[in-house]
Amino acid sequence: MSRFFGNTTGGNGQGDGEGISSRLDRLFRISGVVGLAGLGVCIVGAAFDVRQVLGSYLMAYLFWLGVPIGSTLLLLINHLASGTWGLVVRRPLEAGASTLALMIPLFLPIAIGIGQLYPWAGAVHGESHAEHVEGDDEGHAEAEGTTGSLGPRYTFALDEVVEGSDGGHASGYNHKEIWFNRAFFFGRAIGYFAVWSVFASFMVRWSTEQDRSEDPWPATRKMGKVAAPGIILVFLTATFALFDWAMSLDPAWYSTLYGAMLIIGMGLMTFAVINIVTTLLADRGALEDLPQPKRLRDLGNLMLAFVMLWAYTSYSQFLIIWSGDLSEEIPWYLDRSAHGWQYVVGFLAIFHFFLPFTVLLFRANKESTSRLRAISALILGAHVVDVFWLLAPSLGYDRPVPHLLDLAAMIGVGGLWLAAYLFVLKSRPLVVRHDPGLIELRAHAHPQPPQARA
């Protein structure tokens, strides 16, 4: 991406300089074309294997959804804490939150393909209930036929449905049927997007109002007042959204830590994306004097905190489930610790935790734009693998071998997301103007913006 930003500052070296703007515009067009091409491959693939396309699309969608949700949460946290680190990344975060407008229509393929993706929404809950209870062997055969390529993990989930459909053994599943129905699923999805959109739009609109007004305090106070309830509501709705869209791929399995674990991963991914964008712009002088070494160190420290939180929640969930050794919980980890998946666990332990953790302990690595960008890119790549490890076994992948359509979907959704992100980013000044925190930040300003030190 750095080649599109060039090696010199554009115009007067500010965020709205002609050079930076033209480069962002060119990257915007390229991203849009690449995204459409990727989705075009998915559309062609749907003619041959619609379930594979939907599974690949779901993984890509949940990966890229992490940035708008993470950006909204980080904006709310920053306005609650009034940290000066947020002034450096305010515009990149607001652009990330604004991309939620794209993710709403991109959810439609998941909504349309709900019966293909989720066992509880398919024929299992429909007319073929009677067919599943004619006998144990026949029930298993019918269950496998219903899920098709969705894999053996679903057979375990369907065992409870098969046993409970005659009314005699329904205690293990019937209590979930209120939650697992299409109408309620769609209603909840509308509610999730509504909550996220409200708080994302509040943050962006009031930030714009703050910059345009002679008196920035009214807008500043409004953002501060909604920050605390916003954090609670966005976090809770995101947790339940991940229960619905990811965890319910295995309807018999559950973990109360699952949503929090994925949201922390989204926050870590957001910091990785924002740090890449911010350091690229800082190296070109597009952010003026804002990205001082101390501010970059703050961003590195926050990313380090999220690396540790991700490791803590991931290991805590594993430890609780493995120690409990319950038949309805343990298969989820068994599916992800054999047939090559154990090597993915090792990869994540090294590249999603140990290596970033070690590198970010050193101050020089956090104050160097090039080093911070490199470790952010590593975390972003590792997070792709993490999402694949979390979701692919539930979608019928026996081994950690990605399908070509996984790549096409990731590029397709990612290309459109990046185009939307750049469209918002280039449409506004890259530097905040009237935030009261600027006085404090510039009181400690370094004479020169940090350079890309090796």
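Each residue's number is its place along the chain shown, starting with 1.
Every residue, even glycine, has its Cβ placed from backbone N, Cα and C.
Per TrEMBL, the features are:
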COMPBIAS  129-143  compositional bias 'Basic and acidic residues'
REGION    129-149  region 'Disordered'
TRANSMEM  27-48  transmembrane segment
TRANSMEM  54-77  transmembrane segment
TRANSMEM  97-118  transmembrane segment
TRANSMEM  183-206  transmembrane segment
TRANSMEM  226-246  transmembrane segment
TRANSMEM  258-281  transmembrane segment
TRANSMEM  302-323  transmembrane segment
TRANSMEM  343-362  transmembrane segment
TRANSMEM  374-392  transmembrane segment
TRANSMEM  404-424  transmembrane segment
For the transmembrane segment (302-323): best-contacting stretch of 27-48, 258-281, 343-362, 374-392, by Cβ pairs under 8 Å: 258-281
Leading stretch by Cβ pairs under 8 Å, where the reference is the transmembrane segment (404-424) and the options are 27-48, 258-281, 374-392: 27-48
For the transmembrane segment (97-118), sequence-distant contacts whose Cβ falls under 8 Å of one of its Cβ atoms, 6 or more beyond its ends: 50-51, 54-55, 57-58, 61, 64-65, 67-69, 71-72, 75, 182, 185-186, 189, 193, 196-197, 200, 203-204, 245, 248-249, 251, 395, 413, 416-417, 420-421, 424
Tertiary contacts of the transmembrane segment (183-206), as residues 6+ beyond its ends and Cβ separation under 8 Å: 68-69, 71-72, 75-76, 79, 94, 97-98, 100-101, 104, 107, 111, 114, 121, 219, 222-223, 226, 230, 233-234, 237-238, 240-241, 244
Intrachain neighbours beyond the transmembrane segment (226-246), with Cβ under 8 angstroms and 6 or more residues off its ends: 58, 62, 69, 72-73, 76-77, 79-80, 110, 185, 188-189, 191-192, 195-196, 199, 202, 258-260, 262-263, 266, 390-391
Tertiary contacts of the transmembrane segment (258-281) (same chain, 6+ residues out, Cβ under 8 Å): 1-2, 5, 15, 20, 63, 65-67, 69-71, 73-74, 88-89, 92-93, 96, 235, 238-243, 246-247, 287, 291, 296, 299-300, 302-303, 306-307, 309-310, 313-314, 317, 369-370, 372-373, 376-377, 379-380, 383, 386-387, 390, 425, 430, 452
